[in-house]
Amino acid sequence: MSAYLKLDHIDKVFSRGAASTEVLKDITLTIDRGEFVSIIGHSGCGKSTLLNIVAGLTTATMGGVLLEDHEVNSPGPDRAVVFQNHSLLPWLTVYQNVRLGVDKVFAKTKSRAERDAWTLHNLSLVQMVHAKDKRPSEISGGMKQRVGIARALAMEPKVLLLDEPFGALDALTRAHLQDSVMALHHKLGNTILMITHDVDEAVLLSDRIVMMTNGPSATIGEVLEVPLPHPRKRLELATNAAYLKCRQRVLEFLYERHRFIEAA
Amino acid sequence: MTMPAIRNDGVTIMPAAAANAPVVAITPRRRPWRDSYGRIARDTAARVIPPLIVITLLMLFWELVCRRTGSTLPPPSKVYNDTKELIFDPFFDHGGIDKGLFWHLSASLQRVALGYSLAAVAGIGLGVLVGQSVWAMRGLDPLFQVLRTIPPLAWLPLALAAFRDGQPSAIFVIFITSIWPIIINTAVGIRNIPQDYRNVAAVVQLNPLEFFWKIMLPSAAPYIFTGLRIGVGLSWLAIIAAEMLIGGVGIGFFIWDAWNSSHISEIILALFYVGIIGFVLDRAIAGLGRLVTHGTSAS
Ligand SMILES: Nc1ncnc2c1ncn2[C@@H]1O[C@H](COP(=O)(O)OP(=O)(O)OP(=O)(O)O)[C@@H](O)[C@H]1O
Ligand SMILES: [Mg+2]
């Protein structure tokens, strides 16, 4: 069986004038349909760069991304992104922010009424219908991130890309949203690629955890399968042996073998 | 059930807070309604009374200074007596340029409206170009920087030579005066569109036209309106001067004509109107800007 999403020998070199830095080197990864994969690594190793390459917002210097065996190198709604800082358009209401993508993606396939219903449906998936007429400045950080998720889901992406979606949130909100994402993944079966720097989050949500070495020339150091059945329960896992073992593995990778070195 | 509530501090707090909640929710609804009239009246008074006092004092001073015989300028009482007819009948039309002030002001405003609208459209267009494209900026920016320093009236002879008519020349002067701040501010606004918004547009695959209407304009709107506001002020400055030179109906020539006929009181009245209208134009654009950019700046 060929992979659903394939990152094929990706290199990324940033060059400014004569100076150039190789950020990513030889990244190869295959992701199956419906799989939830997390990428974890220290700050600055190139996680966002990698995600942007998959999203098509940045181009790889070498190698490429294949989605269902077709090369993708420009951004599109089939790889919707939930950005680290929500990136909602402040002059649009919550509803309009989601509707913007819906109108583009389903311009030909859905009627006006259907697009309206679909927008509301996706807002209801993240429990945000009640605030649909509010502006982003009028809702909390967690709510904004929910709307960002709804906006991405509403495009019916083949792959959902999450760039540290909960990084800027407090621990309680974060846990709550993690549960939401788990529930959504269980219900909708999306293929998800998520960046995180939170070990617990990675183990709790993922089917596989991709651990990246430190940059420059970061690459995949290790890939860990998380052999826990879905749906997972945060409290039950706290004492689960398999969970603790996975957690231990990731921690060892990050803090013993690839300790964070201050950029020289 | 009530026993632990009485004994336990932790529990008694809960019903107390719950009982308080509806009271807190209701009071802010009623109170401000009754209060607001008083507060509005007080706010208005606080804003209106100080300028009124200053104006009265200035008028008094002016009256005292200009009352003496041999004074070159008329005191306010004389201005009022001389221009009573103009003030109370702004709509008369005796043909030619012998018209009421309303007609002069509206002729000037029409020129400004036309020249300024053209400048707004062209200025936003060019500003988007310069803000979006590095090459357009490298090519055009030096040119703009030089052209914008040319005083408005310096353009007038050239415009007269080109158009051979006062009307289009005046409109051109308005246009060329007000376009620079609009271009420059729009370009800055476009350059400051956060990369995040561009990324969102790219993922959703907005086409260039949709990108312009749905991302660029709203995102750059605060900057664009800053430019528009400076532009409208400049165009009102320029029209008065241009009209003095081109003649015809218009408040600028009205002032010049009054000077030639030594009707100093009429000049003072006209200046009063020019000031008021300039102020209103500025406030109108500022208000429009606030309306349009509502919620844009906060994120
Ligand atoms: N446009 C760019 N030009 C030059 N260098 C860049 C550019 N974007 C990123 N880099 C460099 O690439 C490296 C990786 O950046 P990236 O944002 O992908 O890190 P990250 O793993 O997402 O970090 P974090 O966890 O802090 O978000 C950094 O050293 C950064 O300086
Ligand atoms: Mg990042």
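Every residue gets a Cβ built from N, Cα and C, even glycine.
Beyond its flanks by at least six residues, the transmembrane segment (B:49-66) meets 73-78 of its own chain at Cβ-Cβ distances under 8 Å. Annotated transmembrane segment per TrEMBL: B:49-66 (among others), in sequence order.
Marked as domain 'ABC transmembrane type-1' by TrEMBL: B:105-285.
Residues or ranges marked as transmembrane segment in TrEMBL: B:113-137 (among others). Counting residues 6+ beyond its ends, the transmembrane segment (B:113-137) has Cβ neighbours under 8 Å at 144, 170-191, 212, 216, 220, 224, 227-228, 231-232, 235, 239 in the same chain.
The feature transmembrane segment is assigned by TrEMBL to B:143-163 (among others).
The transmembrane segment feature in TrEMBL is assigned to B:170-191 (among others). Counting same-chain residues at least six beyond the ends of the transmembrane segment (B:170-191), those with a Cβ under 8 angstroms from any Cβ of the stretch are 111-112, 114-116, 118-120, 122-124, 126-128, 130-132, 137, 144, 147-148, 152-153, 155-156, 159, 162-163, 216, 219-224, 226-228, 230-232, 234-235, 237-239, 242-243, 246, 250.
Here TrEMBL flags B:235-256 (among others) as transmembrane segment.
Among the features that TrEMBL reports, transmembrane segment is placed at B:262-281 (among others).
Within its own chain, the transmembrane segment (B:262-281) is flanked in space by residues 73-74, 78-79, 81-83, 86-87, 101, 104-105, 109, 112, 232-233, 236-237, 240, 251, 254-255, which lie at least six positions past its ends and keep a Cβ under 8 Å from the stretch.
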